[in-house]
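A short write-up of the structure that comes next.
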Amino acid sequence: MFRKQNLKWLGVLATIIMTFVQLGGALVTKTGSEDGCGSSWPLCNGALLPENLPIQTIIELSHRAVSAISLIVVLWLVITAWKNIGYIKEIKPLSIISVGFLLVQALVGAAAVIWQQNPYVLALHFGISLISFSSVFLMTLIIFSIDKKYEADILFIHKPLRILTWLMAIIVYLTIYTGALVRHTKSSLAYGAWPIPFDDIVPHNAHDWVQFSHRGMAFITFIWIMITFIHAIKNYSDNRTVRYGYTASFILVILQVITGALSVITNVNLIIALFHALFITYLFGMIAYFILLMLRTTRSLK
């Protein structure tokens, strides 16, 4: 027998596990554990469970295990949602995207282990995983909105905010790519002091340019989200969905900037780096939700 409450718990579980997949990937990169299992995949150093287990191997194995569990739980969520609430227009496309990108994410990760891809390709891995996470996150939000306690179904987003939000999505995604590139090119401590080394502003090598590009994109992201937030609060003050959503996004980008700065100041403290990955994960999830609302608005115009 289908119960909405069970589906809600399943959605929350899937979202939490997908969050740990994101954090696990960041942990693997930050600790240099990419080669913890050698060039073996899905085995680890040629065995299901190798005898020698240094910390890098444990981290890589744990990430693979959580990724495998996430696939099972997401499939469970997708099948249950498709069967019971598939009449909701977004459920089936989101189901396909969540599973599809989860598989692509796994294949890119496997290719990185087996063939040692260059950092510019590896940087795509985090962005792909964020799309999968966001699909699961959106499904969970839709499941919770079934009881009609929210105003999202009757929300109409006008063109100015739609344009600002679409541009925000593009800018944030580019910033995410440059951030992943910083990790994969080992450029976290390049380009000197934060926000810029005033005594030596011009980047000198590829690592400096990667870090410089990410800081520049992060600055643009912060300014653009602030502009979008001000517009949303000013013009949609009577709508809780917009007010809370864009406020949450602005808070998340502030936290993202703070943890980014602290990462440089503390020489990439691991806990701060993981919070940096966590905040951008949920910021992207919020932007994905705004896109969902905008698509509903566009559909209502036809």
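Each residue, glycine too, has its Cβ placed from N, Cα and C.
In Swiss-Prot, Arg243 does not share a side of the membrane with Asn269; the two are on opposite sides. In summary, the transmembrane segment (162-182) lies against the transmembrane segment (271-291): three or more C-beta pairs, each 6 or more positions apart in sequence, are under 8 Å. Across 68-88, 216-236, 245-265, 271-291, the stretch most heavily in contact with the transmembrane segment (9-29), judged by Cβ pairs under 8 Å, is 68-88. The list of residues near the transmembrane segment (216-236) in space but at least 6 beyond its ends in sequence, with Cβ under 8 angstroms from a Cβ of it, reads 158, 160-161, 164-165, 167-168, 171-172, 174-175, 178-179, 195, 242-243, 245-247, 249-250, 253-254, 256-257, 260.
Cβ neighbour counts within 10 Å, taken over all protein chains shown, single out Cys37 as the most crowded of the disulfide-bonded residues Cys37, Cys44.
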